[in-house]
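Only one structure is covered here, and it is reproduced in the block below.
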């Protein structure tokens, strides 16, 4: 799997200095089994991330019911059980199958019913803002991933013992707070362990993990049908705790981050562990130390590395005009994607499909989205692919609204097909956007930039339930706005530079110089 690479010492007299990216790849190779196993283990966190993101679709749903007295006013045409006496109807299953039936919330307001899910997404937003910079500053990628998974696992287990809706909502908030940085850390850590040729493909691995987690939920929920919703939380918490142990003892920290933070000896030790090419220089470590000590940026970064404020990276992103422009664009695009990504599964109830099958179909859409992104990531420009996916998702969503207004017979199958296309487009656009964001920002702020993009995605998830509720009366407020948002906001990619095949930069100055060189090259071509 590894590609032969010449040792760095053979180029020691070269006039053109190597970047940290080239130097690391010269020693460990582009891709090897050690790097693959590391990336696979890190990417598996997406399984537990997805389970906690979508678990409320089943645990917080309103169960089906039936009339118990055929001679009373109760009959099948009545959709609101709150107008019926309690003796006239009964749940089809035990009241413990859902939080709605167990705590008697069937007649509560929409705010109370949606409080746990809203609390989860609010926790994701706050957790992303508070924790995102820690992976770039003090904790690093590995420790942040471990702590995030641990908080999520413990809060999931404690949720099993929730006595009421209020405690349940608080624990869901804590769960979202811990979960907020898992996807970001997994994506950055897995891609920083491999060479640039394989970076796009490895980035897709974390998305496959998320797909498996989403796909496992309908199966687990179906097996748990008729049983307590607490069992579903227990089933998802125990494997997460085991995974935390594996991360703590078997995952390596990013050598790129360690070098940028001035922790050279730790970085060299990790390089020797994950090296995919046989080399006496790698095994000894001496030549590596000499080569990395010659990198000019490391000397600048090493001094302040112990006094970095956790919000320094956010300040740097805002102060640099080019960085702020890029960050604003990727966040706007992510918000549009988030509306569709989280909104479409929630809106399935508006299409009146079986909850287990519809969720499974949506989870399966992640597979073609990941496969297509995997094969196109090295063939199409990041910018054009992102615009294309968002446009396709927008058109499909608007067509659902159009079909709804036509009121033709048997249009449910067409609506479902368009819904799946729209969700598939959102998944593909999300995959491409994350890879694009990795390449748009240097190492010193990369984790924070991706975290902000994911925050915008989650913000779309906060608004989507409100739009879905409004769409039950008028489909424009759900499917219509979903389509317009993702389609129009996707056009922000027009102003971003193309990054396919380019080297990853490590400092803001290095990225700025590369941007200036590309602009000069474009001007020369035009002239």
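Every residue gets a Cβ built from N, Cα and C, even glycine.
Model, not experiment: these values are computed from the prediction.
Annotated ATP binding site per Swiss-Prot: 190, 191, 192, 193, 194, 195, 196, 197, in sequence order. Residue 196 (ATP binding site) carries a helical DSSP state (H, G or I). Other C-beta atoms found within 10 angstroms of the C-beta of residue 196 (ATP binding site) number 16, with every protein chain shown included.
Per Swiss-Prot, topological domain 'Cytoplasmic' is recorded for 1-27 (among others).
Confidence over the topological domain 'Extracellular' (49-119), given as mean pLDDT on the 0 to 100 scale, stands at 81. Per Swiss-Prot, the feature topological domain 'Extracellular' maps to 49-119 (among others); the stated evidence is sequence analysis.
Within its own chain, the topological domain 'Extracellular' (171-176) is flanked in space by residues 52, 56, 116-117, 119-124, 127, 151-152, 155-156, 158-159, 162, which lie at least six positions past its ends and keep a Cβ under 8 Å from the stretch. If you look up Swiss-Prot, you'll see 171-176 (among others) marked as topological domain 'Extracellular', on the strength of sequence analysis.
Annotation comment: Swiss-Prot describes 196-201 (among others) as topological domain 'Cytoplasmic', evidence class sequence analysis.
Taken from Swiss-Prot, the feature topological domain 'Extracellular' covers 223-230 (among others). Sequence-distant contacts of the topological domain 'Extracellular' (223-230) (same chain, at least 6 residues past either end, Cβ-Cβ under 8 Å): 58-59, 93-94, 96-99, 102, 159-162.
The topological domain 'Cytoplasmic' feature in Swiss-Prot is assigned to 252-326 (among others).
Remote same-chain residues near the topological domain 'Extracellular' (348-356) are listed as 57-58, 61, 218, 221-222, 362, 412, 415-416, 419, 468, 471-472, 475, 478 (criterion: CB distance under 8 Å, separation of at least six residues from the stretch ends). As annotated by Swiss-Prot, topological domain 'Extracellular' applies to 348-356 (among others), with the evidence given as sequence analysis.
The topological domain 'Cytoplasmic' annotation in Swiss-Prot covers 378-385 (among others). Within its own chain, the topological domain 'Cytoplasmic' (378-385) is flanked in space by residues 200-201, 428, 432, 435-436, 439, 493-494, 496-501, which lie at least six positions past its ends and keep a Cβ under 8 Å from the stretch.
Look at Swiss-Prot and you will find 407-415 (among others) tagged as topological domain 'Extracellular'.
Annotation comment: Swiss-Prot describes 437-448 (among others) as topological domain 'Cytoplasmic', evidence class sequence analysis. Remote same-chain partners of the topological domain 'Cytoplasmic' (437-448), defined as residues 6 or more beyond its termini with a Cβ less than 8 Å from a stretch Cβ, comprise 20, 132-133, 135-136, 141, 184-185, 187-188, 191-192, 199, 203, 256-257, 260, 301, 313-314, 316-317, 323, 326-327, 330, 382, 496-497, 499-500, 502, 504-508, 510-511.
What Swiss-Prot records for 470-475 (among others) is topological domain 'Extracellular'.
Residues or ranges marked as topological domain 'Cytoplasmic' by Swiss-Prot on the basis of sequence analysis: 497-527 (among others).
According to Swiss-Prot, the feature transmembrane segment maps to 28-48 (among others). Proximity of distant same-chain residues to the transmembrane segment (28-48), defined by a Cβ-Cβ separation under 8 Å and at least 6 residues beyond the stretch ends, is recorded for 1-3, 5, 145, 149, 152-153, 182-183, 185-186, 189-191, 193-198, 202, 205-213, 216, 236, 239-240, 243, 246-247, 250-252, 271, 273-277, 282.
Feature annotation from Swiss-Prot assigns transmembrane segment to 120-140 (among others).
Feature annotation from Swiss-Prot assigns transmembrane segment to 150-170 (among others); the stated evidence is sequence analysis.
Residues 110, 114, 117-118, 121-122, 124-125, 128-129, 132-133, 135, 180-181, 183-184, 187-188, 317, 323, 326-327, 330-332, 334-343, 346-347, 349-350, 430, 433-434, 437-438, 440-441, 477-478, 481-482, 485 of the same chain lie 6+ residues outside the transmembrane segment (449-469) yet bring a C-beta within less than 8 angstroms of a C-beta in it.
The transmembrane segment (150-170) makes no contact with the transmembrane segment (202-222), as judged by fewer than three Cβ pairs under 8 Å among residues 6 or more apart in sequence. Between the transmembrane segment (327-347) and the transmembrane segment (476-496) there are 3 or more Cβ pairs closer than 8 Å, counting only residues 6 or more apart in sequence, so the two stretches are in contact. Residue 191 (ATP binding site) falls within a helical segment according to DSSP.
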